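Here the structure comes first, spelled out in structure tokens, and everything after it is commentary.
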């Protein structure tokens, strides 16, 4: 079968001919339909993060946002033809209590591998195998759009954690603010704008009109905020205080400045993973503002089955035209280098294995 | 009656002879037994924070950590002689939804006054009046120790908010770390060391032995950590990662550095309220550490009735010898200036109105 493999030396990306995977006793064989590409794939291929091959292998098959069809249920409860989305993390120690409780997203670094990211092959191949406990069923109507389940599950986890964090009182949020208009930011603004949790939504970017991301933000009913005109701490005065901020930029000042965009009792969730960066902050005000306004900041990484399931629920409510607007290009596997290019017109690119 | 009044010009603190308060229809008359002093009282008296007199008054009666005895129930469900502790916040708008739900601790700044802190008279007077909804009943056994209910309620709120924040998964915390060995820090380390939530506890200070605060920390079974020897981000390596950090120092670097003391999935609660302070931070690492380890930071201010009630529950379980160790001096009202002094031997000072 064809597979997209990253060789660590270089690093070098190649489309290789690999042996078709053979499912072990506990595994299902899945035929891949589509694999989405996000910013972390670009960083992996560039050698910036992750990219470790599985033990004993000389390459890593990339891709972690996939949708496929069950080819061989192999004794599981799945049936041939079922549409499925695979989850990302696998325990390196099966007896880990996070593996037992299905909360690998909360497991400490070093106790798991991440398929297509580091330590375990991903899904950018004609076939992959997976234990059924890591496959989430998806309705046929999402066979093309299942690539959005994994990234949307991150937004679901952020919401889940934030509402949990505010469950100690009668929280009544009204406004949500997404930082960043990359593919995760746009998917999140769609989720938050079309969901029930918030009345008004905003999305931060730094683009001039006309721009497809600004058009998308406005098409889902959100307000575009230009970061060149409005600094985060000015957001409450220029627009209104945010009850929930969802950060996707990986810009390290946002971990501090986003607190200033919140109203009382608000929550920031951070999703970006920046490298080292030293800078000056007005740390006294950051500290006091958190306290006197009962604000909170939560780091959020990865997601678990209920978040995948919530994402599937949400995606079924979204007009396919909205999701189509997020796909800026569909590529054959031989065109993967093009799919990995990033530009002003790029939102979500997809590698398709459909013939 | 005698009252301790802060006049904003100067500011100047005086023991005055004031008219005995007359309860309005909805109010209970309380005879004050004791009033505790904390760091914010010292900052109020120094003119650094709060200190605004109530509308129309030329002075503010200070004191917000009080215990008293009902002198006149005035038609309420209380009986004469009941021991009570007053809560701190009062709504400036009775129709505020935070007043309605009893969650004034979560109300936005500007919508409440704080008795003895700003905008409403406190309790350092022979008598005070209060609506019964702001009085928490205390058993007679705590008549002397009721001054600890209000500060202990802050620790209860921090625990409540933190466990809520981690209710989105199966959190299994083991270790708690209190930053600061002032009177709130010591009360918190007693709470966390004697409670059920954590197996091991640590308290940060910067004192040389022999020292009464170090003795107290060790007497409740906690480990003393000298901040001159161990920087917060080194804490996990030198000791062990903390699951819960309770900050009481008001040192603004702690809002950043405490995240480094946490293990995966840990929560920092901030309680201190520093002034402005600009400094350099490794903000990229702060941001990434929060994300990849699912850490959180919560600001916590004030507390509400369930937190007061939890504090009363806990105080009933604590040997009075432990609480006695926290009281470094009991002063008559005429000695209030001495009670406000702070030194290496000072833990909690108390002004007593008992004759």
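Every residue gets a Cβ built from N, Cα and C, even glycine.
TrEMBL annotations: computationally assigned, not manually curated.
Model, not experiment: these values are computed from the prediction.
The substrate binding site annotation in TrEMBL covers A:40, A:114, A:150, A:302. Under the DSSP three-state reduction, residue A:40 (substrate binding site) is assigned to helix.
Counting only same-chain residues six or more apart in sequence, the Cβ atoms lying under 8 angstroms from the Cβ of residue A:206 (NADP(+) binding site) belong to A:226, A:227, A:228. Look at TrEMBL and you will find A:181, A:182, A:183, A:184, A:206, A:207, A:300, A:301, A:302 tagged as NADP(+) binding site.
The domain 'Alcohol dehydrogenase-like N-terminal' annotation in TrEMBL covers A:25-140. Summarising model confidence by region, the domain 'Alcohol dehydrogenase-like N-terminal' (A:25-140) averages a pLDDT of 96.
As annotated by TrEMBL, domain 'Glucose dehydrogenase C-terminal' applies to A:143-353.
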Candidates from A:40, A:150, A:181, A:300 close to chain B, where binding-site residues are judged by Cβ under 8 Å: A:300
For residue A:114 (substrate binding site), the three-state class that DSSP assigns: strand
Maximal Cα-Cα distance (Å) across residues annotated as binding substrate, namely A:40, A:114, A:150, A:302: 13
Extent of the NADP(+) binding site in Å [max Cα distance among A:181, A:182, A:183, A:184, A:206, A:207, A:300, A:301, A:302]: 28
Nearest of the binding-site residues (A:40, A:114, A:150, A:302) to residue A:181 (NADP(+) binding site), judged by Cα-Cα distance: A:40
Residue among binding-site residues A:40, A:181, A:302 with least C-beta crowding, 10 angstrom cut-off: A:40
